[in-house]
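Heads up: the structure comes next, in structure tokens.
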Amino acid sequence: MGDKRGFLKGLNDRLTCRQVLNFMVLLGFMFNYMLRVNLTIAIVAMVVPANKTAPNATSVDGGTNTSAFDLDLNASFANASSDGGGGQQGGGGFEWDEYVQNLVLGCFFWGYICTELPGGRLAEVIGGRRVFGYSMLVASVVTLLTPAAAHLSVIAVIVLRVVLGFMLGATWPAIHPMTAQWIPPMERSKFIANMMASSLGAAITMPVCGFLIASLGWESVFYVTGAVGLAWSVAWFLLVFDSPAQHPRITYEERRYIETAIGSGTARGKALSVPWVKILTSPPVWAIIITHGASVFGYFTVVNQLPTYMKYILHFNIKDNGLLSSLPYLGKYIFAVVTSALADYLRRTGKLTTTTTRKTFTAFALAVPCVLMVAQMFLGENATAAVTFFTIALTINGAVTAGYLGNGLDIAPNFSGTIFGMANTLSSLGGFLSAFMVGVLTQDNQTYGQWRIVFGIIAATYGLGAIVYLALGSGELQPWNAGAGASAGPDGDDDEEQHKAANGTNGHHANHDDHPPETIPLRKDASR
């Protein structure tokens, strides 16, 4: 016991609570995406091979899972498993036709879209720790049950996938209220970049799951990813708490730094009543919602439809290039981290205001892909140019983390979960619409001329998002952040106050023998 306490104390001396939270959130979004896409990869080995694959294999999904791109990429692993293990009739597969496969993959979306807004609001009321943690816990259990459900019936798999979507839909908006409680304003862009670890999760999941299928059979994909998610959930509840005041191991210095830096913009304790009318009539809120919808529409249209375009227009066999599969995901995550750190630096040093920072990075993240999609309309018949344009567009789009993605925390930290829940709900619908649009435009007519229309629509959508945000976006704290019925004070960019707070102690050189107990007034001489 003494050795265990000594280890924990040594770890506590080296890591701040914010660093632990950063690491757990990064892993959380990696594993979140792993739980989402495992079936997309494993289904190649689960089903009896068909003679023909539908051009738009993700049309039912609506952009909430990975695309046929991943299925093609892992086909070789799946073929290996058909001779190895883990399957049943027909050399290792279920007799699910293409419609059933798309239904199994797409039903995730049915549950996912239902919990975006409720998940954000619930996190504001009971805390993001429970919403995010229990959602991942249940999702992990559902994943572990998937092989048994598959052997039972396809209906059982569909039910589990809907439940999985229902649980994971709440996780994305749930992290915003926790950010408002834990992360000083001048560090939030970098923290929000952890959400892009989902892209990193996709890049890692594809080869790992392919290896598991080839080595141990398709069931192992669900057992391994489910077990990883379960282990993470346990660690989450042991290491993460809703606020500094509730953390049993935080130092006096770190808690004081966080609470001073955050100031009065974020309410502590009882959740405030949502000022729905003011939120729904707020131009900065609609700037976030519309821009997020435009960004997600463009992103998922490119990601989901790229394999179809490469196959039918460029006659390019994507599965022969494993690096290409991971490049956009890795690029987007790395670029998100770099630009977010830069955004926080520019705000912290006073070189740019919050409003200017958000608008600059948002415009960059959407305008560059817009231009590249226009170039794709004229040069897209060249395979090298097409791959280059797509990869750069997806990478640059990672800068949204320094732009609008965390903007709800600037304008209304008390309702950041609700705002992001609204934005993600509508963006999920946009993802579904993008797949439907491509299917309609290219059905029975796979020509470059038809795809030029698709690229034109993507470019226009990116451009619209950039223009709307430049016109309506803001980094100023809104008066209705105080809640429904509260007296509205003057709104304004509180950068000056945040700069002063950011210049204080950062808690890294704290004395871990002095720390306040849970939920009591902060005092330096409190005992553990």
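The backbone N, Cα and C atoms fix where each Cβ goes, glycine too.
Because TrEMBL annotations are produced automatically, they should be read as predictions rather than curated entries.
According to TrEMBL:
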COMPBIAS  510-528  compositional bias 'Basic and acidic residues'
DOMAIN    20-477  domain 'Major facilitator superfamily (MFS) profile'
REGION    483-528  region 'Disordered'
TRANSMEM  21-48  transmembrane segment
TRANSMEM  131-149  transmembrane segment
TRANSMEM  155-175  transmembrane segment
TRANSMEM  196-214  transmembrane segment
TRANSMEM  220-241  transmembrane segment
TRANSMEM  285-306  transmembrane segment
TRANSMEM  326-346  transmembrane segment
TRANSMEM  358-379  transmembrane segment
TRANSMEM  385-406  transmembrane segment
TRANSMEM  418-441  transmembrane segment
TRANSMEM  453-472  transmembrane segment
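Between the transmembrane segment (285-306) and the transmembrane segment (453-472), three or more CB pairs separated by 6 or more residues in sequence fall under 8 Å, so the two stretches touch. Listed as Cβ neighbours of the transmembrane segment (326-346) (distance under 8 Å, sequence separation of 6 or more from its ends, same chain) are residues 186-190, 192-193, 196-197, 199-200, 202-203, 206-207, 303, 352, 357, 361, 365, 390-391, 394-403. Cβ atoms under 8 Å from those of the transmembrane segment (453-472) belong to residues 283-284, 286-288, 290-291, 293-295, 297-298, 301-302, 305, 358-359, 362-363, 366-367, 369-371, 373-374, 376-377, 380, 403-404, 437-438, 441-442 of the same chain, restricted to positions at least 6 beyond its ends. The stretch with the most CB contacts under 8 Å to the transmembrane segment (196-214), chosen from 131-149, 155-175, 220-241, 358-379, 385-406, is 220-241.
Long-range contacts of the transmembrane segment (155-175) within its own chain (CB-CB distance under 8 A, at least 6 residues past either end) are made by residues 25, 28, 32, 35-36, 39, 64, 103-105, 107-120, 122-123, 128, 131-132, 135-136, 138-139, 142-143, 145-146, 149, 194-195, 417-418, 420-421, 424. Distant neighbours of the transmembrane segment (131-149): 28, 31-32, 35, 38-39, 119, 122-123, 156-157, 159-160, 163-164, 167-168, 170-171, 174-175, 178, 218-219, 222-223, 225-230, 232-233, 236-237, 240; these residues of the same chain sit at least 6 beyond its ends, with a Cβ under 8 Å from one of its Cβ atoms.
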